[in-house]
């Protein structure tokens, strides 16, 4: 009796414990009674063994068939409970150790605690669903998944494990990808915003730079004094005296001794003659900018220029004139410049200085001297220009002991000068009249490329209007007839002066001989010879004897024809500078240049050419008066062109202020 109950007691224990452990056959026997019997206990007892059996038994086919009936029977109360367990079980297998924790739970309380344990996992499952975006879990095992998973595990241990192990990584991968896409999209958005902001910032910086440049271009116009006042070659009277009028230091030393050995190195700046107007070398920065109108000059302090010129040392003196001095200087960058100091009390106002600096800053051409900068320090006003190292045409053509310029070099100089003047007359808007064209204002580099200098006093002429100057601008011998008679200047006045310079290149003679060796001016002497040469084609008598007939006949014809047309008395009959350029280049016939007049009917000799503006006899008389006036002027004789000058030829003198010292009053015709 006692044994029977003992045997009966283990029987149910084994019934509870063995069916889950055995797995396949007992589960098949127990599965049919479960539907008729109470669904809650059977459903509860079934899932725990399924979980434990998921790892041990491989067989699955019979269980898979039984799984569908279990799902409907347990669907109302159980689907929610086992479904969370099954997701817990697949999710823990991925981390590795959650599965061993689940098996002990069913043996502890198969009936009572089974409903309690499913409830806690449900929030965990919900958390897992929320964490893994839940959609994938529902897709893999929604309503059928919990029972099928349990049945599949019981019947097939190997097959369900891969999907379980795969499903969490898939879910995690999907969640990672979905969660990773958002940061990537955000990063791309941030990068795009940063790039756009950078571009906007760069655009703003560019706009600011452009605005600053425009402001700087306008600022140089605020400069004060007159720009080009000294004519170191003695042409100072012209007010814009040549910039470079005695370049080599040997030549400069001689000039210094001649002009006045008492000049101290600082006197040019401090004394009344202190401003040696300088066409100084342009610094590298302004020179390219000078190529365009509205160029920005560099500003210098007086101390900087004093250091550059070694205290305006006499050894650095390039030239002198009635309006000041030109000194050679070296900037800290190593660039050589010519510093022109303007003489105080020269009659130039700040507004005039501002206007002239603005004019020069707008002009840039390969055959024009460029402005580098300027300095205004108290009463001192200095201009800085590019330094042209090989002196002037006057120096090479008329200087004592200088080698003879060969013919190709003379043609090259004539053509370069013509191009520079044509640019001033026709390519600048408004056009610029030089008003002081002469050999002393033609600078040369070592390859004898031409740079036209000293056009700082040039006035802007508007359209076809001419202006009357109160000063005599230009050097004696270069003055146009209409200026001597009426004081009017135009671009055709520059053409006349250029014609005189062409005659210098052809003949090797100065425009006006103050030594008395040549009675007439160069123009009066050359006119009949030009007419004769045009008629018989023989230019030997007109050509410079130092050339020894080594010249091109065709080029001589072109140059002589241009000179003859340029020195016509009637300004209206003179060609434009652009026409002269074309003629010198050989692109225009001489008939076109002479406007159809035959050599025997040249306008400068024919009766009709004795225009109402001026006639040849009056011009000759006035030139003689100019010559007499120059000889009477002591200041002029003490200049570099005086009898003791290095040149010794007194080739150029000029200007108004010398003539306005009472001599003009004695000669009212002037």
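Placed from the backbone N, Cα and C atoms, the Cβ positions cover glycine too.
Of the given residue ranges 187-207, 208-228, 229-249, Swiss-Prot assigns the label transmembrane segment to 187-207.
Residues 16, 112, 130 are shown; Swiss-Prot lists N-linked glycosylation site for one of them, 130. Around residue 483 (phosphotyrosine), taking its Cβ as the centre, 24 other Cβ atoms fall within 10 Å, counting all chains. Here the candidates are the modified residues 301, 475, 483. The one whose C-alpha lies nearest to that of residue 385 (phosphotyrosine) is 301. In the three-state DSSP scheme, residue 385 (phosphotyrosine) is classed as strand. In this structure, 301 is the one among the modified residues 301, 475 with the smallest number of other Cβ atoms inside 10 Å of its Cβ. A distance of 12 Å separates the Cα atom of residue 483 (phosphotyrosine) from that of residue 475 (phosphothreonine).
Rounded to a whole value, the Cα-Cα separation of residue 301 (phosphothreonine) and residue 475 (phosphothreonine) is 33 Å.
Just so you know, the Cβ of residue 385 (phosphotyrosine) picks up 34 other Cβ atoms within 10 Å once every protein chain is counted. The secondary structure of residue 475 (phosphothreonine), as reduced to three states from DSSP, is extended strand.
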